[in-house]
Amino acid sequence: MEALERLYFRYFPEKILGEVLTKRWSDNAVPVFATLLVIGYFLFQNPHFFTFSSMVETSRQLSEFSLVVVAMGIVLLAGGLDLSVGSVFAFANITALICMNLLGWPVWASVLATLTVGGLCGAINGFLIGYLRIRAFLTTLVTLIIIRSIVDIIILRYAVQISAGFPESDLWFFLGEGSILGMPVSFLVAVIVVGLWHVVLTRARAGWHISAVGGGRRSAYNAGLDVKFTVFTTYVWSSLLASLAGLFFAARLNSAGSDTGVGLEIAALTAAVLGGNSLGGGRGSVMKSVLGAIVVLVLTDSMVRVGISGGISSMILGIILLLVVAIDVRWLKNRHKILNKVYVSPAYFRLADLPETDAGSGSPYALNDRLKDVTLIGKGEIEGPEDVIFDRSDNLYCPNRHGDIIRFFAPDYKRWEVFAHIGGHPLGMAFDAAENLNVCIGGMGLYRISPDRTVSKLTDETKRTLLSVIDDSRLKLADDLDIAPDGRIFFSEATIRYDMHDWATDALESRGNGRLICYDPRDGSTQTILRNLQFPNGVCMAGDGQSLLFAETWGCRINRYWFEGPKKGTCEPVIGNLPGYPDNINRASDGNFWVALVGMRTPALDLMLRMPGVRKRMAKRVAQDEWLFPNINTGCVLKFGQTGEILESYWDLGGKNHPMVTSMREHKGYLYLGGLYNDRIGRLKLPNADPLWTSQAFYWGDKP
Amino acid sequence: MKGVLRSIVQRLTGGSGEYSITVPVMDGALKPNNYLDRLPAVGTLEEPDNLVSDGVTAYLTSGPTLYRVDQLGAMTATARETAPVTCLALSPSGALAIGLATGGLRILGGRHDGKVFGIDDKVRIGAPTAAVFADDDTLVVCNGSAVNPATEWRRDLLGLGRTGSVVKVDLASGAASTMADRLAWPSGISLAGGGTVVVSEAWHHRLIGLRLDGTAERVALADLPAYPGRIAAAAGGGYWLSLFAVRSQLQEFVLREPRYRREMMASIDPKYWIAPSLSSGKSFKEPLQAGGVIRLGIHKPWAPTRSYGLVARLDEQLQPVWSAHSRADGERHGITSVAELAGRALITARGSNELLAMDHTELEEPLDLHIQTEAAQ
């Protein structure tokens, strides 16, 4: 059973499913699937369904129709609705025909006139809806009727003249029937327009404004956007695109039929929503509109060919519209719920048996109360000092959860000031040779603070992993760092799947979600060295100039990685199977290393790590506050030697002073303790430590 | 067939009915407070368990030792049994029935002094969890489980124990009759007037009423957010119900995960199971839930917890009127019994190994019940 579960969770890509759902393009999955299904069905019905000539003819229709659908999509994206597209389409058709056939204008003038008329219709809609705040549905319904009546009046009066006239223009003919490299002109124009709109909506300011207004009108207003103008422009663009479509229609058919564009608004709306544009606004794209247009067009075309009568095919379209609207509403409402349920994606992980920790057991981890005599610094004044470090004048630096670096002044550490404000949640810190303070900041990246308090960003991105679904190029949770003698900064990124505030949820996955990254200040490059690590945390130079030690928190082990020398690029475990979760690692004055255990393993969780299915169901069904968690309420400090043997342990039995220890730093005979969720820093006199030893001098030598 | 279908539907629809892991919220009469944490302690002793009283004298058990408690709360050891005592009952004439962890009950004092019941195969009472004298000659005993002893209550819960029973013993003849069986860990009993008793059925989170002649059975109070334990009649009318631990979503979830449950019971020390407990925070190997993480030195009172202190004051109809709590950040967890002595209620708190005294015994809730603590503000 356990073996089966292990195989399933190793090879079944459940994690990808959750990640895909975080993507906006996941909305397109349904329409793409529908497109393939529809085309596949008719192809199956008749393999000769799609011939080249029918494809060309369809592409002409498609270019007109998709322009109208894109128009509808833009209005929908801004949270509106344009029912008048069909009438505007017909109006444009008749305008173009009058200009060409009746007035005998040149093509350029006719095109200009047609687009102007269309733009004016849109401006009326836009003014009424955007500035006078009349409801979009009512307004465009009324303009639909009015414009349609105008078209009918014109047709009534000029139909005969229009049919009689025939424009003597090759260009006009070219517009309607011509092709370039086998592609119909209208199709090429449509592709260009659609491409431009894609760029506008995804990359340009105007497009973002449209999405913003549709996503939240009030928020957009509060953010300083001109909401009324944005809404106005969407209707203008909508009508312009519809009249462009009408122009092509006129050039192609040269017909002044009274049923031109009737029912086009329903077909366009169906296509837009079917494609995945949300009726509520804020979610949509040009590609979605085009996909929807293809599906609807293929569907209606095929229905005609199969021989379904017009009435029934309209009914089918109507039913599809109802269906997709219902799906759209339910999907939008429940998407984040599904996402919540499938995002946590546990992996199988089996730890070795828990080492003995009982007092008097003779184990190096045996409980004691050596941290009992800790004195406290800044109790109740600081929040979340994850790390502690000292400069050459013995001043103490610690981060807090508000994004500051706090400086406590030597010698008594009673007075403090905000040394620098950066933001994010500063975590691990290290001084370099030039006395700059380098800080890993959760949510931001790697930053540097110079002695004169200038804050500069070193790096906040690395190369994106090939074939990763979520964009992992940004540093989500830079955690701890250390600096090699040549100045290179090696730092850990604990997880790429969770933010700072729910870092511990990563434990439920126990998958290698973290990375070890190197920033090289000599050329400013950032490179991922190791990936798929289980919450890589503390980083510390091993002291030989060739390797470093790093902790994998949820893996309960400490590894050694060689970045230089004969073993360059290899990584091997130094300590495995710790009784708790290792956090920061730092040097001790006697040549050994300190490591903090941020929390302790519990048998109940160790067992659950072997049952990813149980964890997955727990994440789905149990409220987040009730999840079984790693016990990060108790911690301890260990000292280990170069080869990984555990030398000493320091415990706080009652857990009163230091419920959590994430970091410790030895400085002049004292050990200083930091904790991510603590409101204090602990200070412990070390009996046998070198009272002059400082890590600053140890790393970079004595300096005045 | 219908039952099987319903069970499948309930399982597939995200867990409803039997598969639901929802726990009722503490609200109304069970609204949380920190009243228990504010009570004075009148004594400390290891693992105080069952406290019984006739209003003048009280007896208290702690491990194998029986204590007599005087009106000031002073305790004197009066007897020592061969095994830990798991329940205690006091007859109208002053005789005691003592249930033992090894099974069976022994009568101390009165007409039937020295008699032992429930150890032969015919009437086996392996897990006496609570008992009450219907009269001097009749004892009604809750037998928590036919499989597990009384001290292994966690194992019974995680084993989905449904083998408990209520047994009526005629002390003169030694004859016993089962009043109700297939109960989910009956763990408290009290006379309820009119020839009935009320029994708390812990793993079903409810109180049921039984007739002494063994005829009818009814649910008196259901859907409790905690596991009900012993019940004692209050002098001013109504009852005291001690609820020894709270339910939690995680617990309900684990109860519905057979493989995890089995593995946990087989391979982990019971102290570190995902199981309710009478005290918690003693070891870092105990499971922790996300809300229980201490932040900036504060353990949130609302945090999910393995142990909790809860006493409910019930009215004559067995409906809760008010309740005294010790929440996740408190110490007085694992309330095992309540008894009134000399005008005040004595409460045994296993979590803090204390005997607490509460002056307020009326049915109306005390005026100072809901005082905010600094941490909760």
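Each residue, glycine too, has its Cβ placed from N, Cα and C.
Taken from TrEMBL, the feature domain 'Strictosidine synthase conserved region' covers A:479-565. Here TrEMBL flags A:28-44, A:65-92, A:107-129, A:136-160, A:180-201, A:227-250, A:262-282, A:314-332 as transmembrane segment.
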Recorded stretch that, among A:28-44, A:227-250, A:262-282, has the most CB pairs under 8 Å to the transmembrane segment (A:180-201): A:227-250
The transmembrane segment (A:65-92) in contact with the transmembrane segment (A:136-160), cutoff 8 A, at least 3 CB pairs, sep 6+: yes
Dominant neighbour of the transmembrane segment (A:107-129) in A:28-44, A:136-160, A:227-250, A:262-282, A:314-332, by Cβ pairs under 8 Å: A:227-250
Among the ranges A:136-160, A:227-250, A:262-282, A:314-332, the one whose Cβ pairs under 8 Å to the transmembrane segment (A:28-44) are most numerous: A:262-282
Winner by Cβ pairs under 8 Å against the transmembrane segment (A:262-282), considering only A:136-160, A:227-250, A:314-332: A:314-332
Long-range environment of the transmembrane segment (A:227-250) - Cβ separation under 8 angstroms, sequence gap at least 6: 60, 63-65, 67-68, 70-72, 74-75, 77-80, 82, 84-86, 88-97, 100, 111, 114-115, 117-119, 121-123, 125-127, 129-131, 175-176, 186, 189, 193, 206, 209-210, 213, 217, 220-221, 260-261
Counts by DSSP class (helix H/G/I, strand E/B, coil) across the domain 'Strictosidine synthase conserved region' (A:479-565): 10 helix, 44 strand, 33 coil
